[in-house]
Structures are given as C-alpha cells and as structure tokens.
Amino acid sequence: MTHTATLISVDTLTAAQAGAVQAIPPAFPLSATVAVNPFLGQAGHSLPDTAAVLGKTAGCATTAPRSWFAAEIAAGRITKPAVAEALAAAGLDWPVDKVISAASRQRPAPQALPTVADLAGASEAPGWPAQAEARIAAWVAGHFDQGQALWAAGAPSGTYADWLAFATTDMTPDLAGLPGFRAWLKALPSDPTEALLAAVNTLGLTEAALPLYFHRLAMSLGGWAQAARYRLWQAELAGQTDTTLAELIVIRAVWDAGTLATRPALAAQWDTARAAFAAPVTPSEDDLIDAVLQDAAERSTQADLAQAFAPVAKAEARPALQAAFCIDVRSEVIRRALETCDPGIETLGFAGFFGLTAAHTPTGSCNSEARLPVLLTAGVTSKASGDHDAARITTRVTRAWGRFRQAAVSSFAFVEAAGPFYAGKLVRDTLGLGKADAIPGKPVFDPPLPEEAQIDAAATILNAMSLKSNFAPLVVIAGHGSHVNNNAHASALQCGACGGYGGDVNARLLADLLNQPHVRAGLAARGIAVPEDTIFVAALHDTAQDAITLYADDLSEAHRAAATASLAQARQWCAEAGRLARSERQPSLPGATERDGIAARAQSWAETRPEWGLAGCKAFVVAPRTQTAPAQLDGRVFLHSYDWAQDEGFGVLELILTAPVVVASWISLQYYGSVVAPEVFGGGSKQVHNVTGGMGVLDGGTGALRIGLPIQSVHDGGSFVHDPLRLTIVVNAPQEAITDILARHDGVRALFDNGWLKLLRLEADGTISERYTGDLTWEAFAPGTEAAQAA
C-alpha cells in the first residue's frame, strides 16, 4: 500500500489531536468513582457554542427537552420576566413570546456528523458501526483491565502497537464483509503519529477538518475515551504525560481509513461529510433558544432561592454541641434535624476531606487510597492501626478463594459443590440482614507529622472552618459515607471530596490532631484558644441510612472519661436527628414504606436506588450557618460555613472558590449531563450492567463503557428526580474580594463567564444584592424588575 504525500504537518496534526484529547473529561475507576463534569473540555465555551459542537460530535442535547421547559412554564416555575432577563443577557432582541412558544415545539434531535464507519453502516454494511465499536471494545477492555480479568492481557508495549497486533490477527472484519481490511492494516506504519498521518491522507482531510473530526472520533469511543483520559489526568498530576487517548484516536482514524480504502464506493458520501467537518461550527437558532430557556429556568430558581436567607446572627452563649459536616447536600437534611434537637446545637459545613489531603493505607492493603479532592495531590500519608501482616495474609487468601470461584473451569465445580452452603447468605442479603462492617482500625499519620506541621495544619483547618472561638464542650467532626450492598457504583455515593471514599479517615485524623496537648498549646500561641474542656470526636454520617456513628473509642481514656456525659447526650441527639431525617427522606424513596426500614432497604442487594445521592442539587452557599438555618432547603444545597470578617486577606474564600466550588460544579454538571443526554453522558441501567476491567460497566457484554450516573440515580421509574439546572453559587463576601479571586484564576473564572456556574452575592441582612454577569462585572439583583417592563 502506498500513500501520497500529505500537506498537513506533524505539528498541525498533533495539535488537533491534543485538542480532541483535552475536549474529553476523565472517568475515574469504580473503586474510587468521583463525579466528573462531562462538559469539562468545553468549560471555555458558552452553552450554545457547546451545543453546536457536541451536536456534531456526539449527536446529543445539552439542555432538557423542550417539553420539560414547557411544563415548567405551565407550572409557573419559569416566568416571562425571567425569559426577558435571559434574552437581554444573551444579547438577543427577540420577543419573549417567541421563546415561550418555541418551548411547546420539540426541536429536531441533533445529528452527529457521520464517520466512514457510519456511512458504511447506512449504505453497504448495516452492522458495521456496531462492529467497529465491538471490536475496539473487545480489545480495549483487556488493555485497560485493572486486575478483574482472570486471563490478563500480556505486558503492554503501547496502545496503538498492542491494538495493531490484535487487529491484524482478528478475522472478524473479514467475516463481517470487509475483505482486505487486515491486509490494509498490516501495511500501516508502526509509529502512531505516522499511522495517523497515513490515515488522514487516505481520508483526504484538510487542516480545517481535523479538530472536529478527531473530537468526533473520540466521542464515538464512548466511555473508553474517558477511561483513557483518566490516565492522562493522573499523569498530569504527577507532572508527567500519557498518550493512551491520543493513540485511541489514531486507532479510530485508522479504522475509518481502512474502511474507506476497502470500500471505495463510499468516496462520494465521504466527500460531503468531510466538507461538513471542515465547515465553521456556529450555534443554530434552536441552540440559542434552548440556552435562553435554560438561563430563564435558573433565574427563576434564583428568585425563589433569594427568599431563603436570614440576617447574620451572632451566637452569644456557648454551644452545647458543635458538629462539622461535609458540605454535601445530603448533610443539609440531617444538620437541620440535629439543630432541632436542642437550641444549643450548632452545625458547620466544610469540605469533607477536612483539609487533610491524605493518601491512606487500609489494614492489610499494599495500596493507598487518595482520600482527597481529585484536583489535588496527597500532602500527608496515613495508615490504619492494627496487624497489617496478618490482615494481608487474610486478604490474599480471600482473593485466591475468589479467583478459584470465578475461574473458567473451577467455577462450575464450585457452584455444584458449594452452592447450597450459600443459601443462608443469599437469604440474608436479599432481606438486607447482612452483618455490619467492622469499624476499621484508628488511622494514624505515617510517618508522623512534625509537631510544627501538626500545629500549622490545625490552625489552617480551623481558620478555614471559621471556627476560632466559642468552642462547645464536644465538637463532632463528621465525615460521611454510604453503606450499600451489591452496587457497582457504591463509591459514587461516598464523599466526593475524599476521592470517592468515605470521610471517616479524614475526620478521625483531624479529631485526634485537635485533641493533642501540644497542638492546643500551639493554637493558643496563634490566637486560637481552645478551652481545656473541649474534646473533638470523629463521626461518620451514613447517608444511605441517616445514621451517625461516633468514634468515641479513638479518644484517650482521660478524654473518654471527661466526655462521658457529653457523648451520651450527643448519641441521643444523633439518634433523634437520624430518625427525623429518615422520616423526611422516606416519601421520596420508591418502595420505602416504613420510616425505620430505610436501613434494611439500603443493605438489600436487589435495591437499585438505596439513596438519591446528590440528585436535586441546585445551589452552593458560602455564608454563616445562621443565614440559612431558618430555611428548609430540602437537601438540595451545598452549605459551606464562612465568615468573611474573620478571613484576613480572603485566603479562605480563595480556597473555597477554587476547590470545593469547582468540585461541586463537577457533581452538579454530572447530574445535569446524565439527565439531558443520558445516552451519551449517563451510565445506562443497573439492571443490565456488567463490570468490566474493574473500571466501569457495560450494558450487556460488550460495547462502549458507560460513564456517568445510572438512570436509577436520577429517575424514579416515572420521572426524573433531578432538575437539570446549572449550580448557583451564593457568597457572603465583599464584591471586590470575589472579583479579585476570579481575576487571578482563569479556569474558575471561565466557569462563571461561560455560564457553567452562576454567581450571586449575599448581604449580611439576608438579601441578594448582585449577580455576576461575566468579564469581572456585576449587576444589581432585582429579579423581574426590568424584565417585567420588557415583557
């Protein structure tokens, strides 16, 4: 096979390839799943621009169906004034009624530009696109395997090289009606960049067509592209690089080129498609209308949210109990419930890793868990107390037994011989009566932190929590986790700020740190006087069962004795708060008929909806708790405690806006994407999932890796339970401080400037005073005023 010279330079080619790689978000493995913004690669673009691009590269919507907007308008939840405001913000001189009437008409579904495989499927070989997907998936599943496969693939020599070795011996394409495909592949260069040049030349692509075409190829790979992007994400955190996704794009381009080379009858159709890839991409009128409707829905929600805030109130008396929870929206319900138990209870909200970026090694493990936000790298290491050697032996025996049960030959004998002995376990698991997990050993820093570093960490964390005075006798540091059964996506219900693990380790490390006498002395020298009778105790909030477990055994004997009465009272309050929270949540859980049956329900191995996770999230409030305490926010708002008057230099505010807010945006937009485009950004149905490679799930036995939230996480069987709204950030801080932070952080500013996050400013008197409009500018927040006149 010969190739004519290409006019496209290697630099141009690799730049377009790198752009396509950056357009794809990472997908984290099932063992530590965290929410990822599916529009991460489009953060620098507006919603209508993104709709235009993803319409051509993925054939997906980027907003809810028009029918959803029409229903919201009919119910009065989207108002005409809000539509008028959204039109003005978009710079569109359209009548409001044009947008309102458009909501009642469903727009044509976006159609992705066709690849050569698509053209072959439409004209000559109907099953060819699925065949291409299946053959690439069959290879890539083994290539990406993280230890699940019993017959592992050989040592990798490079993504493209490994695939080429597989593909040139795979006879499936020939049998599927593409004779000569393998022969064409065998003539390809062994270097991936040279192979990509050869493919581009065969396809006749121009420089203008490359960015959109490569993006289209990456999107056609589904979750496999995101799994590959994860490898690059991890490498970049370590200051390195990874070419897996870039080489997957080579593989997909080669597949197209080979199809065209062996089916020349497709040339005329491909000429038309190739021209479309090279054409400028601009939003259509439908894209603009959808963006206006989306903005109007969010403005209407903000108008309602503005009624929820109260003036700042200063606490006079010493609290009876303080409890710091994760900012997770699920904490809002139990925090509110706990506060009703006694007027002396005060709760706080803080990112659930509690300021400790810990790489933690559980008992018996050789691998560490990154219990920290995925935006950060580990700063400390820790391990669980206990006999690690004995635990490792137990772990290895358990793993070996599991391998025996699953092996190709022994699995049949195992089922025949040992199956009846598992009957009792099957019954217990079906009824949700399995044994509770044992509490892991107390975590300790390993190696120990130097004393000065301990004091630095304690002071930084308490300052960031706005907790520097008026300490209660007992302060609970409550991480959160979710104990569920038979759930491949269990880690997605854990703490996102802890990298998809529970927050118990971080909470226990911090509580122990704050109880150390030398740390207390060091804090006092820095102006943070913790009373001698104040004791910190860690806890775990189980979000599936709304139960709070105090880790009192972590305390020293002296502290346990001193806090006996406080601990007993705290347990009573926590139990009552759990009962109230379960009572509030029960009506929203399908099939949950008894308030106290939620715990057993969460442990049922047949339950596809053990809890709703963060479904419904709509806002993130950065303010003193007293401003939100009177409101019932229905578990839909992230609550981060913050007092700007204590934040000299606004370093804490900068940390909040650049870390927890960004993580929350990933969470919100993952739910958003899983609702508006479940076929592309959703995780499919749990009822047909098969775990593959330990990193993701397939619908059935092959095909694209499903990334995002399963339909059961956002849909109750009758309707969606998550409103597709972009997150509104409400901040009580001076405008100048917020603007200055945005000016210094381009990535965060892009989220606000392009509308992926909304920003409002809250005053001390409980009123929303300003709305951020982009480009470091603000406007007065007066929902409906000017718009009503325009309407």
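The backbone N, Cα and C atoms fix where each Cβ goes, and this holds for glycine too.
Not measured: the values here are computed from a predicted model.
Site annotation (Swiss-Prot): Zn(2+) is bound by CYS326, ASP328, CYS495, and the candidate from HIS360, HIS480, HIS518 recorded at this site is HIS480.
Annotation for CYS326 (Zn(2+) binding site): same-chain Cβ neighbours under 8 Å, separated by at least 6 residues, are GLY349, PHE350, ALA351, GLY352, ALA478, GLY479, HIS480, CYS495, ALA497, GLY503, HIS541.
Taking the centre of the Cβ atoms of CYS326, ASP328, HIS480, CYS495 as the Zn(2+) site, the nearby residues of that chain (Cβ within 8 Å, site residues left out) are PHE325, ILE327, ARG330, SER331, GLY352, GLY479, GLY481, GLN494, GLY496, ALA497, CYS498, GLY503, HIS541, THR543.
For the binding-site residues ASP328, HIS480, CYS495, the ranking by surrounding Cβ atoms (within 10 Å, all protein chains) places CYS495 first.
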